[in-house]
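A.B. asks: Okay, these came from TrEMBL:
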| type | residues | note |
| --- | --- | --- |
| DISULFID | Cys268-Cys304 | disulfide bond |
| BINDING | Thr507 | Ca(2+) binding site |
Amino acid sequence: MFPSQSRGNELLPLKNRSIQNFNGWGVSMFDALDTLWIMDLKPEFERALNHISKAEFHRHRKYDVMFFETVIRYLGGLLSAYALSGRQVLLDKADELGQKLLPVFNTPTGLAAFDIDPDTGKIGLGPRDQNVVLAEIASCQMEYKYLAHLTGNRNYFLASDKTMDWFERNQLSNGMWETTWNVSTGKMSDDHLTIGALADSAYEYLLKQYLLSGKKEKRLRDMYIYSMTGVIKDLLFISPKRKILYVTDVFSYSYSPTPTNKFEHLSCFLPGLLALGVHTLGDELPPGERTLHLAAAEGLAYSCWLMYAEGPRGLAPDEVMFERMERGRMRPGGEWIPVETGAEGGMGLRKDEKWFDAYDKWQMEGAKGSPPGVPVKGVKGMGWGGLAGVGVAQPMRSKSSEKKDYFSLKTKYLLRPETIESLYVMWRTTGDEIWRERAWQIFLAIEASCRMPIGYASVGGMDRRMPDVLVPLDEMPSYALAETWKYLYLMFLDYDPIPMDKFVLNTEAHPFPIFEWTAAEKEAYRIPRKKPTVFKFINQLLVYRRMFICWQSPSGFACNAPKPAVAAPHGLNSTTRNEADDHKFTTIIGSQHVVLRILLRSSALLLRLFVNFIGPLIKPGRGNSLDPLSVFGGQHALAQLSGSVGPTTSLSSKQGTICNVLNYGGTVGSSDIGPAIGKAFSSCVLTASGGATLYLPEGSYNMQTWQTLSGASKWAFRLDGVITRTGTSSGHMIIIENANDFEFYSSNSAGAIQGLGYEARNSGPRLIRMVTSTNWSLHDLILVDSPEFHLVIQEGSNGEVYNLAIRGGNLGGSDGIDVWGSNYWIHDIEVTNRDECVTVKSPASNILVERIWCNQSGGSAIGSLGTGTAIENILYRNVYTNGGNQIFMIKSNGGSGYVRNVLFQNFIARGTAYGLDIDQYWSSESTQSGSGVQLSNITFQNWDGEITTGSRRAMVQILCADGAPCSDITLENVNLWAEDNVGQLKCESAFGSGACLKSGSTSSYAAITSTLSSKPSGYTTPPSLSGDLSAGFATDSSIPIPTIPSTFYPGLPQISPLAKNL
């Protein structure tokens, strides 16, 4: 089963070699061991066991051990193989590994750290510094609790179960948890909810822990049920045309929940989890909840299979993006007609909708047929009587994303197991052979496209241009052996070797036998644990809500749950309800966006109880108390930064080790300083025990070999010299990747990178790229004449950029700063170029840009918007533009998604070619898929600008897409005038107040132009700065290196002093 030279590591099937992923201990062998046993491949099992019995769990020569992956693959594999085979050596090895990993819980909160050196016990905080993700801290409890039961080592239980204490205290109002947690404080920190990547197994383990120990830890059950309420209510949507049910993730949950509309293959474990809960919990789920969970399970399982049925050669992409809207017309009387066939009524858009709302409506209308988005045959006795496929998507082979309602976002099939896992659980729990048939289709597709002479390969190339051409990738992840093939094998057995009433599978499909805690264990672990009074009261309300989810009304409609005869919780009026007045009692306690439809006599009392007692105790978002005004429609103020930015420790703390590049092969005047920078980083920064500073002293250096500095924490790059590009390769001269607590700066405010772009225009490198880094700053640097963009900030968060001078040539393609990510503060910057000054791109949120001097620059922008745009909570203020193209531009051509909650405040401009330009038909950008990016709640406030030629383009031009009209656009005290005295304002499909904007409806309209006869009454001649340039720099000669100015906006000093003055 394993090539002889692989030593059990992950297979490279195209090369017939292996790669030492996940510690280099032979992960495929550990991960596949129980699969070998279940498949009765005993000779292969013995060979693998011989290797595993001799394994030594030492630190890999390059990396520490990732706790999460090591637990689910190695520890889980050892424990399940022991449970199946009884081989003592496997338990001994599991105990040895469990002990080596145990120090990972030695954090201030007891939450597991990201990684550990198993030789020393030193823990690491990983790529997110002190932040870890939900799945990493909450996907070890099954393994450690089972190991505690087998060995009697109580530390295993006590250490891992502490996370459940944190979960119980921090469960959000909808029952879920944010994705990112701080291991030092125990606080959640990103306002992001998902059931997919980074969070999936945390929710899975709540139910499975409860089942594993014989259903004794009741709080786990309660947290699971409550969390699934939030998942179903807030994360499930139906596509607008084909009514495909899908699960997605949500950003900005606490104040403006925003679904991304991404549907991940990783999320396809969810239908199996829901079905497992319905099957195993029985009456512990009230009847209405069982119906709801099973409907969601069947609909999602079908959708996951549909991605395969409609995918290239029967395989599913790793991630798709659903369309948010459907173009169409509304006939008189309310009938919706798609645009292709509609001919009556006004043009409009219909959005996708939450599945819970559609399901609720289905129930209210009598629960006829199958639930929305559920095309499969209903299970007998579960409430919908077997009417299948009513108005729900059937497989189609169209290449059009508009027709399919979605398009591929990640175009690889990675041999993932989640869909097959759910089909297996659906078959075992319902007995419906259709799930087997669908799994068989997937199996045939894998055989046809992924089977290699040695093993199986992931495949790529699943894009719409060449849908039938799949490219084998040289990888076979260990989970393919642990999960994918195990589930397929079990699917087609007539008997079940690991029945659900006797085994529970961990997230890597390793089966653990269900056990009972002994009396001594129950006492030691406080099982069952008494809940705090407030949680008991909240759960009582939740149960009360579930039991009344549906009931009989005088009009005679029937819901799935019978009307219960129970007393109301203490404090609620238990007076008999007047059913003539009350048609429904459906309340979801604690939602920040409360679905509080309480139509009964005691509703006022319950509302007071909720606001005064329950509200302050349930955390609706990032730990804030519930604001009744926000619950009932109060406006949310525009956000700027969502938290602190910059390094988390001082610069002096990073100087414990000075890694001078000149000590690692570098010399002043070097022809290529790149290798010495790389060596100083790898040999010094990465090995330093405390903080470290990579230091390039004053002097001139050439650079031909670009460097990627990846993965360090608590370090600085001090660039006091001048690096000049002499290499001609594309890419980036310096990439800082996955840095945490990092500072890139010049202590003399003169450190520079000279790109000599005139020699390699559009073919040479960009200067600096910051990639997925957190808690960092870049300041007091000079970037000159990049062949392409100067500074690119890609994803990541919590960064600060300031005190920069950027000089580019007088032509396009030389952006100053491009940024996308979250929580960035960019200030005190001068940019000269003929392209964008500071540009926000998608996805982006909570970005503050201020005190920017666009000095003979193209002006700032939110730009190049495409399909799936997600930009919100942006503030530009105190921006001064001298000369150049425009003051500000938002540009797109087609696309989808949104730009919202944006404020542009205090703009001054002198002599720019154009003014304010929103153009959603930007001809310089290729047409993107979608009907247009939705722009909303955008304000332009306090602008004074002088435009050179108003006759060429309107001073204010707001041209919005017919398919996505702009709404809530506000121009307040915007005073622009053209030197040629042509003051035009032009609007199209744009609504709001000011200029030529229309109020009222949001239907599209043709462009309208109005002309000002004189200067606006508030117009004043804009001020200037002493360093204003009269022209840009030549494109055929070297641009001189400037000094960093001390003022970037007329009348305001810089926010942070230059480093040389400190």
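Placed from the backbone N, Cα and C atoms, the Cβ positions cover glycine too.
Caution: TrEMBL annotation is automatic and unverified by curators.
Relative to the rest of the structure, where do these features sit?
C.D. replies: Long-range Cβ contacts of Cys268 (disulfide bond) within its own chain (separation 6+, distance under 8 Å): Leu300, Ala301, Cys304, Glu418, Thr419, Glu421, Ser422.
For the recorded site, Thr507 (Ca(2+) binding site), the DSSP three-state label reads coil. Thr507 (Ca(2+) binding site) has a Cβ environment of 24 other Cβ atoms inside 10 Å.
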A.B. asks: Determine the Cβ neighbour count for Cys304 (disulfide bond): the number of other Cβ atoms within 10 Å of its Cβ.
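C.D. replies: So the Cβ neighbour count for Cys304 (disulfide bond) comes to 29.
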A.B. asks: Need the DSSP three-state call for Cys304 (disulfide bond) to compare against my parser.
C.D. replies: helix
A.B. asks: Reduced to three states, what secondary structure does DSSP give Cys268 (disulfide bond)?
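C.D. replies: DSSP call for Cys268 (disulfide bond): helix.
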